[in-house]
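Engineer: Residues or ranges marked as nucleoside 3',5'-cyclic phosphate binding site in Swiss-Prot: 457-580. Taken from Swiss-Prot, the feature region 'Disordered' covers 636-655, 672-705. Residues or ranges marked as topological domain 'Cytoplasmic' by Swiss-Prot: 1-57, 113-147, 202-222, 375-705. Residues annotated as transmembrane segment in Swiss-Prot: 58-78, 92-112, 148-168, 181-201, 223-243, 354-374.
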Amino acid sequence: MSNLHLYTSARFRNFPTTFSLRHHHNDPNNQRRRSIFSKLRDKTLDPGGDLITRWNHIFLITCLLALFLDPLYFYLPIVQAGTACMSIDVRFGIFVTCFRNLADLSFLIHILLKFKTAFVSKSSRVFGRGELVMDRREIAIRYLKSEFVIDLAATLPLPQIMIWFVIPNAGEFRYAAHQNHTLSLIVLIQYVPRFLVMLPLNRRIIKATGVAAKTAWSGAAYNLILYLLVSHVLGSVWYVLSIQRQHECWRRECIKEMNATHSPSCSLLFLDCGSLHDPGRQAWMRITRVLSNCDARNDDDQHFQFGMFGDAFTNDVTSSPFFDKYFYCLWWGLRNLSSYGQSLAASTLSSETIFSCFICVAGLVFFSHLIGNVQNYLQSTTARLDEWRVRRRDTEEWMRHRQLPDELQERVRRFVQYKWLTTRGVDEEAILRALPLDLRRQIQRHLCLALVRRVPFFAQMDDQLLDAICERLVPSLNTKDTYVIREGDPVNEMLFIIRGQMESSTTDGGRSGFFNSITLRPGDFCGEELLTWALVPNINHNLPLSTRTVRTLSEVEAFALRAEDLKFVANQFRRLHSKKLQHAFRYYSHQWRAWGTCFIQAAWRRYMKRKLAMELARQEEEDDYFYDDDGDYQFEEDMPESNNNNGDENSSNNQNLSATILASKFAANTKRGVLGNQRGSTRIDPDHPTLKMPKMFKPEDPGFF
């Protein structure tokens, strides 16, 4: 030992200086870590802060795992088939102990955090929400007087101490009855404080966040896990009691053989598999009747009553591999807990009867708790659906009472169905109204800004003006074949299409029979007359009349900007009156586009008529007839003979052309005479309303200033 000490000392003296602690101390990463840990060490934590809230969720999961872990110690004793002996599964014990140490570490961290977590003073709860006590000494005193004892009892590694230190040094009884009784007692004693730690933790989570589970399905799964936990505990207790029942039978039969004239005599040490290769035990096994008298499969033998524990031996549960053994015990606990223990065949033993009564009562309590909580969580997911069904039933009864036509009833049903599919019963306006102004503005900007920017007219505005518009947009839903705006009706809102298509048509074209129709798609808008009305600087409060009829071609989801909101924005932000926005509005307005189209068509037709008149005049100059001073026309026969020198071959063509031009000029002279008498001028006015051409007057220009 001294040589090992000298060797290690010499090796440490010869260590290179690059690995010295001084160099490690000057590491910037190390200094950063130390600064973080020092801040955490000196900081008092807020019980409602993010750190404590997240830790409570993590620790709740750790508590559930620890509650599932502790009953696994009941599966350590095993029975080797056909040998009448018991042993401990050491490998499985090491596995459980490692995870148990990790759980104990989390409980220790929880205790340390509680010494640093502030609390609300009871005297300050009279007015307001209360004040936090940040003094470390007061926090420690309060914790030591309240929950420290329970947390410490849940943290102590009692099962590890019993398995690895107490039981191996228990003398000749370390493989006998004390083994199972002591282990079971320790595990059950510490199982209680660990469960008590979880209850106030659950209440704190609900107090901090409002719910223990964030979703309905996770809440239902949480309650189902608790129910499986109880089944897990019952199954493991049933297993260890089955082992103890088998050991009790062997012990009784062994004592009988010890008192009888039986050679070799039975010894309680033979019931442990550690003496399996003992020659005395092997000789005893050849003549003993312990195995036959304690066989649960022997129906004719009435030496011992196994009662409800007989299935553990008839199905070879005690000698099966761990997973087969565990799932069978879990199924046994789940079956009897759900059936309130009705399938149990208990013996007359008082302990067995008490255990059966406990299973019955526990099944009644926990099964009712499971059904109630799962039903509450699942009802929260279908509550809005049930409300919608009630409203739909009320709507159907109202339509039947009012005797609405089938077409109207179908449209109402379609709208109710579409509104449910779009909103799922959520009142978005009520949710937004309950939020602070700044948060509501940011949410509206996130939801509407990208959609509003898709409207080319609003894309010309700055962010502040767009925020003011987005803040006042409200969702609007319309089903197929719904007339949103009718021509001649007051316009009370502008619609910005998000999804769907609408048809915008007008008959106001300056002549009878005029019709113009366009299709509005996502990114388009309608009701632009309202924008003109909002920008007019007069005191007229009457809403403008629509010049178009807007009808939905499919289900349409849009945002609506009401008249009073648009008027408020126009009055508050004078930038809406800029020439740039005026030109952008005229360019993207469908009303102005329709007017421009008709104006171009009318101008083109006037141009074609003037071109035809000029062509006719040119043909007149090239022809053989002329006009005298009185406006009469003369043919070439009335002209001097010197002008009749053309050949005979052109005479017939000239006569046909002359007849055609004569008819055209006759009609032109007649119209010229009528116009000359009415206006005192021979000029043709293509803009006169008597002309038979389509005409659409330009929309009224707003009085921009």
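Glycine too: its Cβ is placed from the backbone N, Cα and C atoms.
The structure displayed is predicted, hence computed values, not measured ones.
Are these features on the surface or tucked inside, and what are their neighbours?
Structural biologist: L553 (nucleoside 3',5'-cyclic phosphate binding site) counts 15 other C-beta atoms within 10 Å of its own C-beta, drawing on all protein chains shown.
For the topological domain 'Cytoplasmic' (375-705), the model's pLDDT averages out at 71.
Taking Cβ pairs closer than 8 Å, the transmembrane segment (92-112) reaches residues 55, 59, 62, 65-66, 69-70, 72-73, 75-76, 148, 151-152, 154-157, 159-160, 163-164, 197, 322 in its own chain, all 6 or more past its ends.
Distant neighbours of the transmembrane segment (148-168): 70, 73, 76, 88, 93, 97, 100-101, 104, 107-108, 110-111, 114, 174, 179, 182-183, 186-187, 189-190, 193-194, 196-197; these residues of the same chain sit at least 6 beyond its ends, with a Cβ under 8 Å from one of its Cβ atoms.
Note on the transmembrane segment (223-243): residues 64, 67-68, 71-72, 74-75, 77, 79, 86, 180, 184, 191, 308-309, 312-313, 317-318, 325-326, 328-334, 336-337, 355, 359, 362, 366-367, 369-370, 373-374, 377 of its chain, located 6 or more positions outside it, place their CB under 8 angstroms from a CB of the stretch.
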Engineer: Would you mind listing the long-range same-chain contacts of the transmembrane segment (58-78), meaning Cβ under 8 Å and 6+ residues beyond its ends?
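Structural biologist: For the transmembrane segment (58-78), the list is 86-89, 92-93, 96, 99-100, 103, 106-107, 110, 159, 163, 179-180, 183-184, 187, 190-191, 194-195, 197-198, 201-202, 205, 212, 225, 229, 232-233, 236-237, 239-240, 243, 318-319, 322, 325-326, 329.
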Engineer: Taking a Cβ cut-off under 8 Å, which residues six or more beyond the ends of the transmembrane segment (354-374) line up next to it in the same chain?
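Structural biologist: Residues packing against the transmembrane segment (354-374) from afar: 219-220, 223-224, 226-227, 230, 234, 237, 241, 308, 336-341, 344, 346.
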Engineer: L473, S505, R521, V569: which of these binding-site residues has the sparsest Cβ neighbourhood within 10 Å?
Structural biologist: R521
Engineer: Validating a neighbour-count step here. Other CB atoms within 10 A of the CB of D489 (nucleoside 3',5'-cyclic phosphate binding site): how many?
Structural biologist: 12
